[in-house]
Every structure is written in structure tokens, then in C-alpha cells.
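For 53-71, 83-105, 117-139, 145-162, 169-187, 193-214, 234-257, 269-289, 296-317, 323-341, the entry in TrEMBL reads transmembrane segment.
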Amino acid sequence: MSGKFGLVNYSSRKHISISVPSSTEVMSPHIKSVEELRVLGINLTSFNTPTQFFICVAGVFLFYLIYGYLQELIFSVEGFRPFGWYLTLVQFGFYSLFGLVELQLTQDKRRRIPWKTYMIIAFLTVGTMGLSNTSLGYLNYPTQVIFKCCKLIPVMIGGVFIQGKRYNVADVSAALCMSLGLVWFTLADSKIAPNFNVTGVLLISMALCADAAIGNVQEKAMKLHNGTNSEMVLYSYSIGFVYILFGLLSVGGIGPAVSFCSQHPMTTYGYAFFFSLTGYFGISFVLALIKLFGALVAVTVTTGRKAMTIVLSFMFFSKPFTFQYLWGGSLVVFGIFLNVYSKNSDKMKLPSLEELRKRVLSGRKVRLLSQDV
């Protein structure tokens, strides 16, 4: 390194630079972005870390709660359930349009992340959202959401294999609680839900596997190449739109879906527009969370939002209820708490099992000494 800022040999990513990369340079994966991070015009880099986290969490909760309501509202339209993949196509089309508009409003319009990476991310995004939307044709909405609440499990597995991460006992315990709660909730749904189908469980499970990979791949790509949120949304969803379009054309799924939606334009395309708009705003805040705090923190926040979505679903849409839903959901919530504690153990300062054991032994010694006296 020479001069005030120095030159860096970019053939090795172990070097550290404090210079802002030019249009031909690549940010080292060990350095976080030094450029502005804007979400819906909000410059997050001008705030301190707690404020950044609060803004991102507020955005995720606000827009995704509306998103969840509209999603269930669309699938409550009689006859729409078989067209989950077409809804995903429309959603990807709107996302691509919104991403293009946002990218045009920014000064830096460069594509930094390679096409190959975007093709992988697009494929995983199609799997996540397409399979998730389609599963609503076979599952009760709260059951679909409780499955998505347990995204932590495959994300942890993906983190181990994709980024080589290691997790502590609290994280593993959280995953086990979520798994048990998920099984309990699903068993309850299979007994009382009129539209329960094992196919829906398979579809949402596959969606979770894709979701596990996508968070880790996005985090790695955005940190490695310093990609922007608008760039990520535009390229991943536009490529995904092409994937879905070819898939639907090959199986003849476009005609019946267009015919049905043309007969109910307001309750399909109208809802789908606002559904996509709130989803786009929500994904912008999720990507900001991923870039600033990592994939696991983003999953924890979105999982909390999904838990609230379940409560709102029972409030706004009539459906059968059993207390087994409550017990299974409580286990999932406890798993979320364990995960949050694991990430903030230095601040929460709950005693460990070893500390509790020492306190018990210390108490016994004090009692024995007092008896001897």
C-alpha cells in the first residue's frame, strides 16, 4: 500500500483498502460498503446502528403485514387457488418494473453482481415465492405462515454449507423448538382444516429450502460485490420473470389464468398490484437488514412479523381454531426468543447453565456453613 490511500493488489482478497472503489474496482469482501445505503429515499448510513435497525424492522413489519393480508385476500377469491404460479408471474413483473424505476432514480446504475450469481438468485427466488404462493391452494394460511416462521432451520443449514458458519447451543435449541412447534401446528391443521393437503406441506417445505439458500447467497453476493438493493431486486426478479413465463408457457398455464383474471380484474390484478407494491417495499427493507446485520438477523425479524400475521389472519378471516395451534405456535415463539437471545447474549446477560450450577453449589455451601456455625 502506497501514498495516502494506497494501491491494492486485488488478486488477493486478504488486503484491506480504505479507498472508495472506482467503476472498475471490486470491494473486498472483508470491508462493508462505504457508500450510502438508501431505502425508499431514506439514507440509512446517516443514522447510528440502533436507529438503522429500528427503521428496517418498522419497514418490514408495516409493509409485510399489509402484504400478508392482501395475499390471503387474493386467495380467498373463489376459483383463484389453482393460479398461484400466475400470481407469482404478475408479482415478479411488478417487482421488475419497480426495481427499474428505482434504479433510474439513483446516480449509480452499474451492475456489480455477476450474471451467473443473479441467475442462481433468480432461480431460488422463483422457488421461494412460487412454491409459497402455490402452497396456499392446499394449506390453511396460518399453517403456511408457521412453516415460513421456521425458516431459521434451513437458513442455519444453508449458512453451514454455503458460508461455513457455526452455531451455538442456543441456536440449535431454537431450531429444535421451532421444529417441534411446527409438527404440533401441522398435526392440528390436518385434523380441523377443510383444505389441508400433504401436497401443500411438500410445496412449502421446498420453498423453505430455497429460502434458506437465498438469504445466504444474497448476503454473500451483496458484501462481496457491494451490490445495491435496487440492483438486486431488478435483476433477480426480471430473470425470475423469464423463468416463470417459460415454465407456464410450456405447461399451458397462461391461458386459463388470464381468462379467469380478466373476469375479475379488480380482485386479481388490482389486489396483485398493491400486494406487489407492499412486497417490494418490504423486500427493500429486508435486503437492507441482510446487508447491515446479516441473513440470520433478517430471518429473525421476518419470523416475528409472520407470527403477528398469524394472529391477524385469525382476526380478519374466519377459519377453524384449536388450542393446539396456540401450543405449537408458542413453541415456535420460544424458539424465536432463543435465537434472539443467542444474537444478543452480551446485552441480555442471562445466566448460563454453568453459572446456574455454580450458584446452586454456592448456595448449598453457604447453607452448610451456616449449619456448622
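Keep in mind that glycine also has a Cβ here, set from the backbone N, Cα and C atoms.
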Annotated stretches the transmembrane segment (269-289) and the transmembrane segment (234-257) touching (3 or more Cβ pairs under 8 Å): no
Of 53-71, 83-105, 117-139, 193-214, 296-317, whichever stretch has the most CB pairs under 8 A to the transmembrane segment (234-257): 83-105
Positions on the same chain near the transmembrane segment (83-105), where near means CB under 8 A and six or more residues out: 74-75, 126, 129-130, 133-137, 228, 230-231, 233-235, 237-238, 240-241, 244-245, 247-248, 253-254, 256-258, 260-261, 269, 272-273, 275-277, 279-280, 283
Range from 53-71, 117-139, 169-187, 296-317 with most C-beta pairs under 8 A to the transmembrane segment (193-214): 117-139
Interface check, the transmembrane segment (296-317) with the transmembrane segment (53-71), three or more C-beta pairs under 8 A: yes
